[in-house]
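Colleague: Got a structure for you, questions after.
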């Protein structure tokens, strides 16, 4: 009709589309060149208050992170070195962070999610078996598992919020990957740690029914030391 083709209507539709896109972005979009985080400010906002731009210098955008150096892995056989807004204040509002992940032979970055970020992973050394599981979509797509074996130079994407993992299947050689994430502070929820290592513990009655096992199995799992591999 005439209204739908009018310039005013088309402009309104374009503005609504832009607003909707911003509403689903992982992090707030910047409204200036930068908003270096002022970690000393007592004001609490979604992200961090901007430092006075007259006090900003190059060091606010820099960290001698030594991401070219190998890391010591823990008992699950991995070590995630995340560089986010807490390490580089200049990342505030920019919606991006980076991580180096080291994998021991047969080591893994166990099933986890990033509640605020999509991840794109590049293998620098070695081989990785990786995968993610979809959410409770209508059947037959419900909890569908996507997996791939990656070699040096290969790239794989883990969609935001979905449970995913990486595993080094080589019993003799370590592996290394670099991950980029679409948030200044992506967060990480390691599934086993959150479910069985929460503080205080989740009721074993709840978990026994949820996992359809005996309570003594839950009690044993809760008694384990659930080590954090994110540094």
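Cβ atoms here come from the backbone N, Cα and C positions, even for glycine.
Below, the features straight out of TrEMBL:
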BINDING   109, 114, 119  oxalate binding site
BINDING   112, 114, 119, 164  Mn(2+) binding site
DISULFID  35-50  disulfide bond
DOMAIN    62-219  domain 'Cupin type-1'
SIGNAL    1-25  signal peptide
Colleague: Let me know how many other Cβ atoms fall within 10 Å of the Cβ of residue 35 (disulfide bond).
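Modeller: Result for residue 35 (disulfide bond): 22 neighbouring Cβ atoms inside 10 Å.
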Colleague: Which one is it, among the recorded positions 35, 50, 164, that lies nearest to residue 114 (oxalate binding site) by Cα separation?
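Modeller: Of the recorded positions 35, 50, 164, 164 has its Cα closest to that of residue 114 (oxalate binding site).
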Colleague: If you take the centroid of the Cβ atoms of 112, 114, 119, 164, the listed Mn(2+) site, which other residues of that chain have their Cβ within 8 Å of it?
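Modeller: Once 112, 114, 119, 164 are set aside, the remaining close residues are 113, 117, 132, 158, 162, 163, 186, 188.
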Colleague: Give me the long-range Cβ neighbours of residue 112 (Mn(2+) binding site): same chain, 6+ apart, Cβ under 8 Å, in sequence order.
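Modeller: In sequence order, 163, 164, 165, 188, 189, 190, 191 meet the Cβ cut-off.
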Colleague: Restricting to the domain 'Cupin type-1' (62-219), what is the model's mean pLDDT?
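Modeller: Computed over the domain 'Cupin type-1' (62-219), the mean pLDDT is 96 on the 0 to 100 scale.
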Colleague: Validating a neighbour-count step here. Other CB atoms within 10 A of the CB of residue 119 (oxalate binding site): how many?
Modeller: 22
Colleague: If you count other C-beta atoms within 10 angstroms, which of the binding-site residues 109, 164 is the most crowded?
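Modeller: Counting every other Cβ within 10 Å of each candidate, the maximum falls on 109.
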Colleague: If I take the alpha carbons of residue 35 (disulfide bond) and residue 119 (oxalate binding site), what is the distance between them in whole Å?
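Modeller: The separation of the Cα atoms works out to 23 Å.
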